[in-house]
Amino acid sequence: MTQPLFQKVAFIGLGLIGSSLARVIAAEGLAKTVVASTRSQKTLDDALSLGLISAGFHDPIDAVQEADLVVLALPVRATQHILDVIKPHLSEKTIITDVGSTKGNVVDAAKAVFGARLPEGFVPGHPIAGAEHTGVHAGKVDLFANHKVILTPLPSSADWAVQKLIRLWEYAKAEVICMDVEKHDEVLAHTSHLPHLMAFNLVEQLANREDNLDIFRYAAGGFRDFSRIAASDPQMWHDIFFANKKAILNAVDGFEAQLATLKNLIENEDSHALMGLLGHAQAARQHFNHMLAKKPLMENNKVTQQFTILPGAHTFKGTFTVPGDKSVSHRSIMFGAIAEGTTHVTGFLEGEDALATLQAFRAMGVNIEGPKDGEVTIHGVGMHGLKAPKGELYMGNSGTSMRLLSGMLSAQQFDSVMTGDASLSKRPMERIAKPLRQMGAQIQTTGERGTPPVSISGNQALKGIHYDLPMASAQVKSGILLAGLWAEGETSVTEPEPTRDHSERMLRAFGYEVKTEGNRISLQGGGKLVGTNIQVPSDISSAAFFMVGAAITEGSDVTLEAVGINPTRTGVIEILKQMGADLTVENERIAGGEPIADIRIKGSRTLKGIHMPEDQVPLAIDEFPALFIAAACAEGQTILTGAAELRVKESDRIQVMADGLKTMGIDCTPTEDGIIIQGKGKSGDWSPIFNGGEIESHHDHRIAMSFAMAGLRTSGEIKIVGTETVATSFPTFTALTEQAGLKIQVSELD
Ligand code: S3P
């Protein structure tokens, strides 16, 4: 048997938190002996009969003898007294931790007992978990699972003690975060203590009114939701408010100032500013819920969702409008923000990537209303109006946000840092940092191999350069041109092959002159953008999944309406046509400066394998995962070359697709810059092509959606793990596939 983590654990206090941790220790066999001391004999008896402890005491001195871990799981105000009592009985190797919700006062209590030289083993902690009930019976072995535990190691804390506690809490399946004491108390003052204070205060305010009975009788869901936490234990909150007095009073000051602002706006009937404030708050709430709640999981490479598709005869039919173009949505926010005047956007993609851009500009002081039903109004601040963000800018999964913003932020007066999720944190950023440095930017890629975080020092005078792009990348091209808006003189880039030109088109729509001469694009710095209206077309990259789905399904008939067919994006149409797909582009028109059309595709004939034309590669760069699914269903071999860029997308799309295709029984060979796929299709035969199996999507939305389409031709169940990133570009994906006839079961993973 391996050595348990501890020889003897002593709990001082054994309520909900203590007994839950004791349950984890028992279930995982983490200690040879577990004992406890509490005042209540009943608690000790219950703990003994539940098998949580082998001995119980009333005197903490008896409990801590020879313990190598002491857990203080009792009200925080008792800390100093207990430490005083047990001090002579602790050894140098005893780890002492606690579970209280304030930390500064626990450290003060320890200092009062031990003096300035605190024991090496003293590491305060705070599991952020709770339940309605208290007491030894209320404890649960999974109380901490997927909850955060904050440890606040002190300068005196030894690493061995911290590491051992981290392991202990990891056995409880908690997510352990280390923070300093002041930070902990400040964060908790805002996120927990202030809301409790406000809830108690509001209930008190209403309870004191003469008509309080009416108020409570008619109180609707809003009051009930808001006041729920005012039902918590008054003694505990009394203690917390005193224990964390300084940080809480600061938070209350902030609240009062914000309330005064809001009051003022109502008093003065400032509708514009009030809408801005409410819209900002609503969007921030949505953003924190959807994206930031997942941020630690995504940064830690965890997956939170999976798709399951069962085999069966599927149809694939209907007329659909897929969400707005991701590239155009990003740019509409960026350009609207630095324009003079107001920009109205319709058809905006309310996916996490574009929302990350939107949130970043809000963090830089731009007033943005919406998004609501795809509508966004941006009150531009002009070329010199962005303000320093208060913290790092989190870009989630979005390479476009990070690379384009690298250019814009390099030209600002303030410093900034951009971070991303597990996928973005692996993507190359030197490709944009290098040319920006040549322009005079101070930009560092602080990740391991030229990867994020990206750190930028502001206040640099940029000068225009000419740059020969070593790779066909619209993001790098755009990042350089955007820095060029603030640079002295001309900035120009030459691209090896044409890439999407949304930046050029949209800058012109905002009144900024951009020259395109063959593959050379240039602009002069020092001009200005003027707010305008932007109509975002439907995203051809999202439509591509439905095109492929229809092309591989017998009898299908799908129309995708108002899809952007900018010629720098239509590679997928050209390639599918060359593969023999029954595809027509109808009703071509111009909307908001971009060409759009309805695309109709029918499953009337078996596709055939081709050597994909290299000149179409940059024009279909995001569509290859879907096209590989089409190739697997085609008759004969499909070869792709000249597409090495696929290896540095949200995942290595060549390797990840090859792995997934092989899992599903497709013979394929990845090459340095492409892939060879042996299609299993036979002319006129619509039987299943894929075996099913479990696919890893590697934090890549397009991998997930492509393999979902394979569900239309599968003989076995397909499980796609890590599908939460689909929300980055196509939040309505599963709803629309279901309408078309492909049922995808979505399960949230713990
Ligand atoms: C994009 C450019 C492309 C594309 C990405 C969006 C853009 O990336 O793959 O999804 O909006 O400029 P690269 O510039 O890396 O090719």
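Backbone N, Cα and C atoms are what each Cβ position is placed from, and that goes for glycine too.
Keep in mind the model is a prediction, meaning the values are calculated, not measured.
Over in TrEMBL, the protein carries these features:
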ACT_SITE  Asp622  active site, proton acceptor
BINDING   Lys326, Gly399, Arg427, Gln475, Arg653, Arg702  phosphoenolpyruvate binding site
BINDING   Lys326, Ser327, Arg331, Ser473, Gln475, Asp622, Lys649  3-phosphoshikimate binding site
DOMAIN    7-296  domain 'Prephenate/arogenate dehydrogenase'
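Everything TrEMBL records as a feature, shown here on the structure.
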| residue | record | CB count, 10 Å |
| --- | --- | --- |
| Lys326 | phosphoenolpyruvate binding site | 24 |
| Ser327 | 3-phosphoshikimate binding site | 29 |
| Arg331 | 3-phosphoshikimate binding site | 26 |
| Arg427 | phosphoenolpyruvate binding site | 20 |
| Ser473 | 3-phosphoshikimate binding site | 22 |
| Gln475 | phosphoenolpyruvate binding site | 22 |
| Asp622 | active site, proton acceptor | 24 |
| Lys649 | 3-phosphoshikimate binding site | 20 |
| Arg653 | phosphoenolpyruvate binding site | 26 |
| Arg702 | phosphoenolpyruvate binding site | 28 |
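Checked against ligand 1, the binding-site residues Arg331, Arg427, Arg653, Arg702 give no residue with a Cβ under 6 Å from it. According to DSSP, Asp622 (active site, proton acceptor) sits in a coil region rather than a helix or strand. Within 10 Å of the Cα of Gly399 (phosphoenolpyruvate binding site), the following recorded positions from the list Arg331, Ser473, Asp622, Lys649 place their own Cα: Lys649. Within the set of recorded positions Gln475, Asp622, Arg653, Arg702, the entry lying nearest in space to Arg331 (3-phosphoshikimate binding site) is Gln475 (CA atoms). The separation of Asp622 (active site, proton acceptor) from Lys326 (phosphoenolpyruvate binding site), Cα to Cα, is 11 Å. The two recorded residues Ser473 (3-phosphoshikimate binding site) and Asp622 (active site, proton acceptor) have their Cα atoms spaced 12 Å from each other. Under the DSSP three-state reduction, Lys649 (3-phosphoshikimate binding site) is assigned to coil, being neither helix nor strand.
Under DSSP, Lys326 (phosphoenolpyruvate binding site) is assigned to a helix (H, G or I) in the three-state scheme.
For the domain 'Prephenate/arogenate dehydrogenase' (7-296), the model gives a mean pLDDT of 90. With respect to Ser327 (3-phosphoshikimate binding site), the closest of these recorded positions in Cα terms is Asp622, chosen from Arg427, Asp622, Arg653, Arg702.
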